[in-house]
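Visitor: Questions regarding the structure given below will be posed in turn.
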Amino acid sequence: MHIIRQYQVPLQKYMAMMDLQESNEKLFYKLLIDNVEEMLPIVYTPTVGEACQKYGSIFGRPQGLYISLKEKGCIHEVLRNWPEKNIEVIVVTDGERILGLGDLGCQGMGIPVGKLALYTALGGVRPSACLPVTIDVGTNNENLLNDEYYIGLRQRRATGQEYAELLHEFMSAVKQTYGEKVLIQFEDFANHNAFDLLAKYSTTHLVFNDDIQGTASVVLAGLVAALKVVGGTLADHTFLFLGAGEAGTGIAELIALEISKQTNMPVEETRKKVWLVDSKGLIVSSRRESLQHFKKPWAHEHEPVKTLLDAVNDIKPTVLIGTSGVGKTFTKEVIEAMASFNEKPIILSLSNPTSQSECTAEEAYTWSQGRAIFASGSPFAPFEYEGKTFMPGQANNAYIFPGLGLGLIMSGAIRVHDDMLLAASEALAAQVTQENFDQGLIYPPFKNIRKISAEIAAKVAAKAYELGLATRVPPPRDLVKHAESCMYSPAYRSYR
Ligand SMILES: O=C([O-])CC(=O)C(=O)O
Ligand SMILES: [Mg+2]
C-alpha cells in the first residue's frame, strides 16, 4: 500500500495493481480486501473506465480470454486452452457499451477482469474459478479503428446472424466445457443485444445480466432502505427515470414486481407507478409503435412531453433515477423542481464512470438545500453542506453480484430467478444501520462487504432451494456460516 499510495495518478495505481494481480495474486487480493474503500475506485469504476479507454496503450500482458470472429468453429478448443479447468463464474462482454463510455471494442476486457476481481475480493469466489471473456466482433468506434495501439479486430461490428451464431457457439461451448452450473454474467452489452441474449439463454443456462438485473437489485435495496427515512411503502411512491435502457427498464421492472408482490396488484397495474424518459422525451402511449420492445411496457397514457424538466414537473416523482449514460443531465432546475414538491427527494445518479454521472453529490445536496437522499453509481467524496457532512452512497451492482454469485455457486443453482434478485435486495437493505441513515446513506459501507455478501449469498441460496433450483444436497443448516466458510481468503500457505 505504501508503494501504491505514492502514485498520484489513479491510472498508475490501476497499472500497479494489475501488475500485482499478475505477480502476486494473494497479495493483490489481500490489499483489495483490507483496503476495499480505497482500492475499489482504482480497480473498478471510475478508473477501470479510463483504463478501458486507454487499454491498448497501457497493455502489458493479456488478462482473460479473447474470443474473436476468427475463432468461429473452434471456441470449444479455445476454452480448453485456458489453464484452469474448474471454472465457476464467467463474466463476458462484447465491449459495445462499456459503462457509459460507449463502444470500446475488445478494450472492454478491463470490465470482466475488474468484475471478477470483485467476485473474489467481495464475494470470496476463488480467483482460479473466475474466467474473464471478451467476444471480439469488431468495433464501430472510429478512433479505435484508427488507433495504432488498438488490440482487437480492425473491422466494424458483425451483426445479425453472424453475431448470433458466434454467441451461440460460445454459450454451447461453455456448457460443454464447464457443465451447466457455471454462472455466465453478461456485462456491458448494448441494449439491442442484452435483452435478447438474456431472454434467449435464461431457460437453458445459468445466466444473469448485471446491468439489467444486478443494477435493479441494488437500486431496489436502496429504495427499500430509503423508505425508512422518507416513509410510506414502495406503492406510495412515484418513480421517474432518465434513460430507458438495460438499467432503467431493469430497475423499473423489479420495482413493479416488488410492488405487485406487496399489494397483490397485477404487474401491468403496478408498472403505472413508474415513468421513463428517453432521448425523445417521456415514454407515452402515442409513441408505442416506434418504441423498442423493452420500452413498450412503460408507454403509459399521457400527453407527449419533450424534456426531463417538463416530465419532472408533470409527473411529480418522489424518486428520480438517472440511467442515461449521459453526464450533467440532472440540471439545477431539475433538482430544484424535485426539491420543491418533495421534503426529501430521492435522487440516484447511476451512470458510470464519474464523468457520465447525471449530477454530482455536491450538486444534489446543494441544489436541494441538503434535503436530497442521494446515491450514485460511481463514488463521490463526502460533502459538507451548511455544517453537516453528507456521505453519498454508491448504488452500484458491486453490492449484489458477488454475493448473488456465491449464493448460486454454493447451492449448485441451475437457473437465476427474479425472486433471487428480490431476496438479494432484501438482504442488502437489511444491512443498512441507523448510523448509516444518520450520515445520509441508504447503503451500508463497502468496508463490511464480505459479511454483506455472505448474507446475500445465504438468502439467494435459500431461495434457490425453495424454488427447487438448487442441486447441492443436502442444504447446509446455517447458510450464512456456510457462505463464510466457502469464501476464499488470501493467506499464504505455511511451509511444511
Ligand atoms: O461497472 C459498474 O460500475 C456498474 C455497471 O455495471 C455499469 O455501469 O455498466
Ligand atoms: Mg455494467
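Quick reminder: no glycine exception, Cβ is built from N, Cα and C everywhere.
TrEMBL does not curate its annotations; it predicts them automatically.
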Visitor: Suppose a student reads TrEMBL and sees Glu187, Asp188 listed for divalent metal cation. Which of Asp196, Asp211 should they find annotated at that same site?
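Guide: The record-listed residue among the candidates is Asp211.
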Visitor: Under 8 Å between C-beta atoms and at least six apart in sequence, can you list the same-chain neighbours of Asn396 ((S)-malate binding site), or say none if there are none?
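Guide: In sequence order, Thr45, Val218, Asn352, Gly377, Ser378 meet the Cβ cut-off.
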Visitor: I want to verify one value. Collapsing DSSP to three states, which class is Asp211 (divalent metal cation binding site)?
Guide: helix
Visitor: Validating a neighbour-count step here. Other CB atoms within 10 A of the CB of Asn352 ((S)-malate binding site): how many?
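Guide: So the number of other Cβ atoms within 10 Å of Asn352 ((S)-malate binding site) is 24.
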Visitor: Tyr44 (active site, proton donor): which of the recorded positions Arg97, Lys115, Glu187, Asp188, Asp211 is the nearest Cα neighbour?
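Guide: Closest candidate to Tyr44 (active site, proton donor), judged by Cα separation, is Lys115.
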Visitor: Given the recorded positions Lys115, Glu187, Asp188, which lie close to Arg97 ((S)-malate binding site), meaning Cα to Cα within 10 A?
Guide: Glu187, Asp188
Visitor: Taking the Cβ of each of the recorded positions and counting other Cβ atoms inside 10 Å, which one has the highest number: Arg97, Lys115?
Guide: Lys115
